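Annotation source Swiss-Prot lists signal peptide at 1-20. According to Swiss-Prot, the O-linked glycosylation site annotation covers THR23. Under the heading disulfide bond, Swiss-Prot lists CYS78-CYS121, citing similarity to another entry as support. As annotated by Swiss-Prot, N-linked glycosylation site applies to ASN106, with the evidence given as sequence analysis.
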Amino acid sequence: MYRMQLLSCIALTLAVLANSAPTSSSKRETQQQLKQLQMDLKLLLEGVNNNKNPKLSKILTFKINMPKKATELKHLQCLEEELKPLEEMLKNFLSKDIKELMSNINVTVLGLKGSETRFTCEYDNETETIVEFLNKWITFCQSIISTLT
């Protein structure tokens, strides 16, 4: 009688361990998503830098919050929180392609960080310009990618 319960318990334990253990494919998938995010952020930065609208140059001086320390995937919560205000600032100045790019960035960030929202961002006292903000998140992606290789 107890033997069946013990076998069931062992089977359940093995199933839990197998499903929660990180696999190389999930690591590879995370790397690919980070590379995609990095590329999209670079394209957004390029779109911002190459825009000739004189009003946009004023908007580029607006400051955006950066987390005190962005070193883990959970810190993407901070990027997600700042993307909406960034999109609102840029929406009238950038092409439809850039707006789609912002949407892609949002989707990739959600995929990387998951639906977990319990993490609360601690923002630095100093804010960043839009260009600095994008550059720091591009660097963040590269840093995480390098730890996964």
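Glycine too: its Cβ is placed from the backbone N, Cα and C atoms.
Sequence-distant neighbours of the residue listed as 'N-linked glycosylation site': residues of the same chain at least 6 apart with a C-beta under 8 Å from its C-beta are GLU80, LEU83. Residue environment of CYS121 (disulfide bond) contains 18 other Cβ atoms, counted within 10 Å of its Cβ in all protein chains.
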